[in-house]
Amino acid sequence: MTATSLETEARSSGMRRFVRRVLFSEYLVLWLSVLYFLAVLPFVPQMASVEVLRNILSDMLPLLVVAIGQTFVLIVAGIDLSVTSIIAMASVVGASVMTGDGGYLAGSPLAVPAAMLAMVTVGLAIGAFNGFCITRLGMPPFIVTLTTMMFFSGAAIWFTTFHTTTSSIANLPHGFVVLGQGNIGGVPNSLWVVLAVGILAHIVLARTVLGRRLYACGQNRRAAAVSGVPVRKVIAAAFLISGACAAVASILYTGRLQTGTPILGQTILLDIIGAVVIGGTSLFGGKGKVVWTVFGVLFLVLIDTSLKMLGLSLFSVFAIKGAVILLAAVIDAVRTRFAARI
Amino acid sequence: MALLECENLRKSFFGVEVLHGVSFSLDRGRVLGLVGENGSGKSTTMNILGGVLPRDGGRIRLEGAEFDPRGPKDALAGGIAFIHQELNLFENLSIEENLFITGFPRLGGALPFINRGRMRRRARELLEQVDIRHPPGTPVGSLSQGERQLVEIAKALSVDAKVIIFDEPTTSLTRREADRLFGIIERLRRRGIAMIYISHVLADVTRICDDITVLRDGAVVGGGPAAQMPTERMISLMVGRTLDQLFPERTCTPTATPVLEVRGVSQPGVVHEIDLTLHAGEVLGIAGLMGAGRSELARILFGLDSFHGGTIAVDGTVIEKPSPRTCMEHGMAFLTEDRRGEGLMMHATITDNIALASLDEYASPWARFIERTRLGDEVGRIGQKVRLRAADPVAALARSLSGGNQQKVVLAKWLLRNPKVFILDEPTRGIDVGAKFEIYKIIDTLVAGGAGVLMISSEMEELMGLCDRILVMNHGEIQAEYSRGEFDSGRILEAAMKRKTSAAAPGAIAEKVA
Amino acid sequence: MKLTRRQFTLATLMAAGTAGLPVYVKAQGKKTIAVLFDGLYSPFWVAGLDVIKQDLTKRGYEMVQAISDKDDNRQFEQVRAMLARKVDGIIIVQTDSNAVIPAIKAANDARVPMVHFNRPPAKTDAFSVAVVADNRSITNATVEHMVKVAKEKGGKYKAAILIGNLGDPNAIGRRDGFFDVVDKNKDIIDVVARIPTEWNADVAFAGLTNAFQANPDINFLFTSSDFLFPQIVQVLKTRNKFQPIGHKDHIIFGGFDGDAMAYELLKDKYLDADGVQDLFKEAELAVNAIVDLQEGKTVERVLLDPGFAIHQANLEQARDRMWGYSIYKQKNG
């Protein structure tokens, strides 16, 4: 064997090792995001500008919060379709409390905190209702959250009609708007909020008793019950957390649009669930991490941003987005097959 | 000339040879028993024969001709049918559709329409051969496990199989269903079909096989006519040493302190007026037929199922609202008979499984953080105590373990809580001989440490070898009680079957006492 | 995970390989205008996008587009993406008149002119220009013609109006325009049905069916948008009321938009009058406004498209200014 062929051999095996390491890394989606970013850069060079990167970050934030909530639900092998209606409902309820146009607390200094409290309460209440139907009445999560989604999507529009003649509730107090746009120490407030939610969620899942129990309920509900895990409470907790996260997302969305609108978030359901699943969280439960969801959201927002920048027609946007996500799914399926063989 | 001859079969996985030249032969109308511990190479050998795996060396001759299946379909076409432990039936389809799923009879021979009439006629013939009385249109989902097994056999007959391989066919069958299966095997033998029978239940192997081949570590270590292979010899060949005893010496005797007192526990249609007392240091066995209410009683005692009337007390304290949680808090532990379904999280690590029942004990007071170092240390200690063997005793997934080690994980999960009362439902089911002995030793250590063990088992010899007392359940009631020294399989059996109208085969509970 | 330099180079090369060769090159000196629509729900919006595109191409601009598909947050993100892309102007059909305000502010901060096409924003101190059809006066003219026809025919009339989504100022203008005229003619016209449609064809169909059940003798009908014609025709046909002008069961019928079906119905003498938004003029006004704003000229905050009413009497003369007629011409050679 000659020296050169030895060298090629070494290089190719190094290459193979590299491919394998990337393929089986739990950061695969992050690598795919980087790859995608580099791939679209020649088409839209502005993608690398500070402004766009900042946009990507700020577009990620609210989506990430809902997606983290959804991660909890998927870990217990559930699904929460009602998150979009929670976003819409919380948005109009919050706006109705604090709007200057005849809000319940218009002009009061308590208006902003009370409105935010009301929004979180809406999220917790709908989450609690979902949890109750699923754990106490034994209904499937898909049906329960599908119906709450339909009900509250409609209710949000209906609720709006009591507060305005237009399709949305505007004139939100200055304090609320500033809260959304302000920053502490150069870091935008919304980023602080999402960092807090994300770190908290990560700690709960990775370090606490509740976290272990959530995974156990998703892995094998019966084994968990036999081992003394309060299965119903744990599952209800997952839906409660999802509801609260959706409400926090609603605060962020409402803040950036400065409007309480009943159609808020109505079209992003598949983005939410898609981002979580692309990140690697299993639809069948027992598997999922907050960081994975961060990567999934990053991947999706990256695709979205690049397509927005390209300014293509709606149809090509859908087609390209679908194709890229499909490609990611294929890579995931391939690596799962490889993993099964080893 | 033998019907099937395997010579010097070899197989390696990732450069490691796991089959070192396995040879055996099989004649028409004979049943060959293939026994060995988990990992001894039984499944690999059969997978080669069934075309699931390619072989690396050696040759197979079927009816004198070279046989080299390139896939399961190929093997089936050659006349070798493989009936797997996990049945390959479509529960949503009917019996007849399952029988002909690989090749429906068509109208006019080639048209894309199923010839229903012919399919039904042929299905009836086949079902008759295996004694199934259901109409061919019955959905498979509504059949019992035993009947499904028979459907699989009918499927093998539909392609005129010359050799049928059974891999652990009785694990999910009731005793009665197993007997029915053995009847069919006998009938097939008379028709000249050759069979290979793989099982951990040595008594069954002795009963139905003509010849026995023992595998250990990928090689044949012994074999011969069944008549010359008593169970003891099979076991010593399988484990590679002579076992002086099948059961460990008990190192303690029961005390007079009751740890579990059950008084008048009833649930209509399930159990009736159950009274029992378990003492510290005692192994109390519960014998009985399938459906006698043993497992149901265990689930009631652990708060998984509800009951009307009666009390359960641990250490003299009555459990007010029995639920797994409250029972655990009172010091109870429960090992279920369904290890995969209720005992383990198969896709989780050993550590996560062991920790599951004790999370509260390892949580910080306010934020409920898990104290991971302390938990890890304890899990490691318990793992050693039960002599857990795994590639990685911390992070290996439960599903990667052998049955015996899986069961040790379940035991370790409860040991971590230091319970006073253990309820063990079929603790050795589906576990090979070596691992069984270790489980028995663990049980002995438990009672020596002052706990009480309530043990349900369908293996009579196990109960008689290990228990201080045996209760016999029948129709949801405790029918009889025997102390060590009065154990007699005949009397126990009689108590288990009393009041039964139909005189089932006396082998229904334990046909052989080792 | 540590990356060696060679691994990094390899990854970069792989990425470049995937990207392929055709590299996007921004045409030098060519101005780019972003056109953001809410959706392409009716022929009006499809034609609107088309007319704007033609106008921009004619002037040598490049157009990039995005559609928010009824998602106000997505539209906000689209505006920011376009601003990051450094477009020279934005023509927008907003999803929500309130929620668009932060987007206007962002455009103001980036000093990119923004023009609202056909839908005005809510009141705000942020600066943008809105091109809107004078819905009320166009509707006035249309309904006045319908009343004239009714008077000539004589008798009393029971009227129905299909009203749009009241979150849309256009819908409100058309509704008010309708009532301006009928309220002055209460002696002969009695409005018996106000049918809300939410701009949804199914809702409109159900509402109109119910109205005819309650009042089978409705004989004066106005729809706030032409895109509901197919549903209306279907309801009328099942009741044998779809008759040409001159027939005894003809319903005096008017619409708003000026789409291709309106032209056909006028031509076939089923429709009495239709309010036409002058789409060509609106597109021209919008693009002019952007050019003027870029050049630093002052532009009024609201630019009105006066529109016109087309009816049987002026069909031949006016149809060339009707956008639906040009679609009709294209389709029929």
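The backbone N, Cα and C atoms fix where each Cβ goes, and this holds for glycine too.
For A:21-41 (among others), the entry in TrEMBL reads transmembrane segment.
Per TrEMBL, transmembrane segment is recorded for A:61-79 (among others). Note on the transmembrane segment (A:61-79): residues 87, 134, 141-142, 145, 190-191, 193-194, 197-198, 201, 205, 214-215, 217-218, 221, 234-235, 238-239, 241-246, 248-249, 252-253, 256, 265, 268, 271-273, 275-277, 279, 281-290, 292-294, 296-297, 300-301 of its chain, located 6 or more positions outside it, place their CB under 8 angstroms from a CB of the stretch.
Counting residues 6+ beyond its ends, the transmembrane segment (A:86-106) has Cβ neighbours under 8 Å at 66, 112, 114-116, 118-120, 122-123, 126-127, 152-153, 155-156, 159-160, 162-164, 168-173, 176, 243, 246-247, 249-251, 253-254, 259-266 in the same chain. Residues or ranges marked as transmembrane segment by TrEMBL: A:86-106 (among others).
Residues annotated as transmembrane segment in TrEMBL: A:112-134 (among others).
Here TrEMBL flags A:141-159 (among others) as transmembrane segment.
Listed by sequence, the residues of this chain that lie at least six past the ends of the transmembrane segment (A:191-210) yet keep a Cβ under 8 A from its Cβ atoms are 57-58, 61-62, 64-65, 68, 71-72, 75, 184, 234, 237, 241, 245, 248, 251-252, 288-291, 294. Residues annotated as transmembrane segment in TrEMBL: A:191-210 (among others).
The feature transmembrane segment is assigned by TrEMBL to A:231-251 (among others). Away from its own ends, the transmembrane segment (A:231-251) comes close to residues 62-63, 65-66, 68-70, 72-73, 75-76, 78, 80, 82-84, 86-88, 90-91, 94, 116, 119-128, 130-132, 134-136, 141, 193, 197, 201, 210, 213-214, 216-217, 221, 224-225, 264-265 of its chain (Cβ-Cβ under 8 Å, at least six residues beyond either end).
Here TrEMBL flags A:263-283 (among others) as transmembrane segment.
Marked as transmembrane segment by TrEMBL: A:290-307 (among others). Proximity of distant same-chain residues to the transmembrane segment (A:290-307), defined by a Cβ-Cβ separation under 8 Å and at least 6 residues beyond the stretch ends, is recorded for 26-27, 29-30, 32-33, 36-37, 40, 43-44, 47, 52, 55-56, 59-60, 63-64, 67-68, 70-71, 198, 201-202, 205, 271, 274-281, 317, 320-321, 324-325, 328.
Feature annotation from TrEMBL assigns transmembrane segment to A:313-334 (among others). Residues 23, 28-29, 32, 36, 274, 278, 280, 299-300, 303-304, 307 of the same chain sit 6 or more residues outside the transmembrane segment (A:313-334) yet have a Cβ under 8 Å from a Cβ within it.
Below 8 angstroms of C-beta separation, residues 78, 80, 82, 85-86, 89-91, 93-95, 97-98, 103, 105, 140-141, 144-145, 148, 152, 173, 175-176, 179, 235-248, 250-251, 254 of the same chain, each at least six residues beyond the ends of the transmembrane segment (A:112-134), sit close to that stretch.
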